[in-house]
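Asks: Just passing along the structure, written as structure tokens.
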Ligand SMILES: O=C(CO)COP(=O)(O)O
């Protein structure tokens, strides 16, 4: 098993639908500036809304912080009013794209099949997809967590998947209640097994992040779990101080 000391954690900020011009620029610059102290312990990615990508890309020039987006369309171009293609993201120096987030699965009715089509489009364009999976509180209470996640993994990821997975229990998102270290450890270890069984890739090659109410306070204990490849952060990524606090926790786990 991979040891915590040899890993480089991926710390991803998902700004969701937050950020106007001035505030986004200020936040991106502050993250870029503070990232200098984080050293090689972590790779930092911030995912602003589409409207801020171009400005944030400029603000991150020359920094170690990479740029991500929050969705893309499954087609390269065409009559898809209001949509954004993977090539359009690459054109703006975007390197990562979050796909299949539970908020899109729930509010935009995205299915596993659609998520897989988007993953293929993203990989073809040269983006690294960050594919989210997670169970509802009801699925958890009824004992269907592992089955639900297994189905999402096997149906949302192509057999030759080369991206990143994020385990985000829906009940933990925005609730202030992160899953426990034991829950995260057991679930992510299970997801590695599912990947090994269902995909044609070495499960160790797929990094699995945890997301759901991650803060600078609990980041070190989460990042110390050997199976965890990093974190996907919502609310706490909207302040440079708390996002960088999480990144510094990665540094502490490798010290
Ligand atoms: O959905 C999330 C990140 O994609 C998690 O959001 P919070 O960190 O606000 O719980």
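Glycine is no exception: its Cβ is also placed from the backbone N, Cα and C atoms.
I grabbed these lines from TrEMBL:
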type: ACT_SITE; residues: 101; note: active site, electrophile
type: ACT_SITE; residues: 168; note: active site, proton acceptor
type: BINDING; residues: 14, 15, 16, 174, 213, 234, 235; note: substrate binding site
Asks: Among the binding-site residues 14, 213, point out the residue whose Cβ has the most other Cβ atoms within 10 Å, with all shown protein chains included in the count.
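Replies: Its Cβ has the most other Cβ atoms within 10 Å: 14.
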Asks: Specify the secondary structure state of residue 14 (substrate binding site) as given by DSSP, simplified to three classes.
Replies: strand
Asks: List the other residues in this chain whose Cβ sits within 8 Å of the Cβ centroid of the substrate site residues 14, 15, 16, 174, 213, 234, 235, in sequence order.
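Replies: Checked against the 8 Å cutoff, the neighbours are 173, 233, 236, 237, 238.
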Asks: For residue 234 (substrate binding site) and residue 168 (active site, proton acceptor), what Cα-Cα distance in Å is obtained after rounding to a whole number?
Replies: 11
Asks: Work through the binding-site residues one by one (16, 174, 213) and name whichever has its CA nearest to the CA of residue 101 (active site, electrophile).
Replies: 16
Asks: Counting only other Cβ atoms and using a 10 Å cut-off, which of the binding-site residues 174, 234, 235 scores lowest?
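Replies: Across 174, 234, 235, these binding-site residues, the one with fewest Cβ atoms within 10 Å is 174.
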Asks: Check the DSSP secondary structure of the residue listed as 'active site, proton acceptor', expressed as helix, strand or coil.
Replies: coil
Asks: Are there any residues at least 6 positions away along the chain from the residue listed as 'active site, proton acceptor' with a Cβ closer than 8 Å to its Cβ? List them or say none.
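Replies: Set apart from the residue listed as 'active site, proton acceptor' by at least 6 residues yet with Cβ under 8 Å, we have 101, 102, 132, 133, 134, 210, 211, 212, 232.
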Asks: Taking only the binding-site residues 16, 213, 235, which have a CB closer than 6 angstroms to any atom that belongs to ligand 1?
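Replies: What lies within reach of ligand 1, judged by Cβ under 6 Å, is 213, 235.
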Asks: Provide the number of Cβ atoms within 10 Å of the Cβ of residue 16 (substrate binding site), excluding the reference atom itself.
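Replies: Other Cβ atoms found within 10 Å: 18.
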Asks: Does residue 15 (substrate binding site) have same-chain partners at least 6 apart in sequence with Cβ under 8 Å from its own Cβ, and which are they?
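Replies: Same-chain residues close to residue 15 (substrate binding site) (Cβ under 8 Å, separated by 6 or more) are 24, 46, 47, 48, 49, 52, 70, 237, 238.
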